[in-house]
Amino acid sequence: MAVRACAGLLRSSSGFCSLNQTFRFQLNIRTFSTQPVCHSRSSSQSKVLLHFVNQNGMKTSVTGTEGESLLDVVVKKNVQIDGFGACEGTLSCSTCHLIFEDSMYDRMETMADDEMDMLDLAYGLTKTSRLGCQVTLQPWMDGMTVRVPQEVKDQRDVQETKSKQ
Amino acid sequence: MLYASKWLGILPSSGSCSCSVSLLVRKLSSVSGAAPKVCIVGGGPAGFYTAQQLLKARHDIVVDIYERLPVPFGLVRFGVAPDHPEVKNVINTFTQTAHSERFYFHGNVNVGMDISVEELKEAYHAVVLSYGAEGNRSLAVSGEDLIGVFSARDFVGWYNGHPSNKELHPDLNCETVVILGQGNVALDIARVLLSPLDMLKKTDITQRALQTLAASRVRRVLMVGRRGPLQIAGTIKEVREMINLPGTKADLLPVDYDGIAEALNGRNVDRAHDKNIENGGWWTGSKQAMGIRFLRSPVKVLPGADGKRVAGIRLAVKKLEGSGEGAQAIPTGHTEDLECGMVICSIGYKSLPIDPAVPFDPRRAIVQNNLGRVQGTAGLYCSGWLKRGPTGVIATTMNDSFDTARIILNDLEAGTLDMSIHKPGAQDITALLKARGVREVSFSEWEKINSEEVRRGEALGKPREKLLDVEEMLAVAWS
């Protein structure tokens, strides 16, 4: 985390600034990755089957719609992930962090700096991690398995302490 | 609000029929002593996330939050920068928790003064301390008491409308402000000091702060840190915001970064960017600068001619030994003086003990605990900054609070907390408070304050205009 912040400074220290960073004059208003409540969907949009595997290894299978974000799916389908999506999809937290299969991750669009900034703060970060609010469902994701990351301190610490008392 | 409704696993009930059924269930539970009653001290994110997890896990548990101010949400309301409104979205999920039938908010109650922790322990099966860190780490240098030296906490509280900071009146009639510290709070303050007013006036920053900033002569903000660029505590998003701030140039010394590029690796350094020359860049016309100075630590705050007001700061020049997080800043024996009209100390918050009955570690400034169980006493827990120390973002506190909640739930299951003993809960506490002349603010009464703030904000083109005065808040709440 400190390393990336330093890198940001390094880029600026020579007094240069890349063009795509120039035009952020307004408030840090992040656009939602998709509409938070989807009312009308074209019937031609595909359904995408998803499997969520939680920290205990339990699998929940739900169907999302092409164009929705994974955050939309978790909310609408009430997938039980504690504290998911605290900032409601505005790239201001890391609580929608999910881990993907290599083959899926490699096909996804490259992460923008904004997402990387927040993802850097997530627990249990892996090489195939993304923020769920930034991943939009595509038909080729049908059947994809998504893992909920481990927290730094997990339930095993709790059990161990209990047995010692 | 759609997003928030999923957190509880129970939606608020509708209709009077289910209301009276649940009232009956609640009465029966309290008679048999079966319903566990938990109270939480502190209505910030730690308190609300702990409550949320408890309510979700057990359909019989009753949770009461006691909060000193009439208004809830702690640092989400008073700490998060006004130009980071999305970070405050968590308020929606907290509000949903607050609307749960088995949750009660008790604002305007000062635990430690109006009621003791012992009294709470008698009335509840479990008490959770989540009151955060209201103190500051001290500089411990001479000149700290000069006019114009502020703690970051007070300064942020001032522009965010905290009642205890409303008389701060910082004098921004100087050119340079030095901020000691390079964490996200320091970056927030620097950004607020130099942001274009057009940006700030659409946020929930207080009108008072806006007016002071409009009259500000501050053109240069320097963030001074003890160690080097690799040890900076601020996160990349905030650093990026600093670099991109309109009308302000980033004032950095290339010599500070000698040898750093080689130390960085992976996806983080894009050398192509360094070559991306912006000729006649948009900031060359700027008269403002936000800068960072490394390897400097404060020796003395220097007074001006009148001996009362800050005019500069003397810094010891350091060098770094070791690398990474463990790097140490070693003195070189040299000092340098920086001219400035204000010094803001952003070197860390600190928790304070509020009740002698609670074991407190003065060195680490946290409540002594093991995984959230307060040491040496049953039925007492802690969560958030009070438990682990005052660092981390909201998500850190969220995970920590979930951990404490799970510990409590484990103890309920295991019988460590004896649910067969009947506990009166809020019934007794409210009676005690009334007898002492303390009147509470309920959540729906806070919502009256909320509506009033939103109404006042609308007139000014802002999301809200915060009430600055506790008396005024109470008047609106109880109107």
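Cβ atoms here come from the backbone N, Cα and C positions, even for glycine.
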**Asked** TrEMBL records B:Gln182, B:Gly183, B:Asn184, B:Val185, B:Arg226, B:Arg227, B:Gly392 as NADP(+)-binding residues. Which of B:Glu175, B:Glu238 is assigned to the same site?
**Response** B:Glu238
**Asked** For the FAD site that TrEMBL assigns to B:Ala46, B:Glu67, B:Leu75, B:Val111, B:Gly392, B:Val393, B:Ile394, which of the candidates B:Trp158, B:Trp385 is also assigned?
**Response** B:Trp385
**Request:** Take the C-alpha atoms of B:Leu75 (FAD binding site) and B:Val185 (NADP(+) binding site) and report the distance between them in angstrom, rounded.
**Result:** 12
**Prompt:** Per DSSP, B:Arg227 (NADP(+) binding site) is which: helix, strand or coil?
**Reply:** coil
**Complete:** Note: among binding-site residues B:Gln182, B:Asn184, least Cβ-dense neighbourhood at 10 Å is B:Asn184
**Request:** Could you round the CA separation between B:Val111 (FAD binding site) and B:Gln182 (NADP(+) binding site) to a whole angstrom and send it over?
**Result:** 33
**Request:** Pick the one among the binding-site residues B:Glu67, B:Glu238 whose Cβ has the fewest other Cβ atoms within 10 Å in this structure.
**Result:** B:Glu238
**Item:** Near chain A - the binding-site residues B:Gln182, B:Arg227, B:Val393, B:Ile394, filtered by Cβ distance under 8 Å
**Value:** B:Val393, B:Ile394
**Fill in**
For the binding-site residues B:Ala46, B:Val185, B:Val393, the largest set of other C-beta atoms within 10 Å encircles the C-beta of B:Ala46
**Request:** By CA-CA distance, flag whichever of B:Ala46, B:Glu67, B:Trp385, B:Gly392, B:Ile394 among the binding-site residues is nearest to B:Arg227 (NADP(+) binding site).
**Result:** B:Gly392
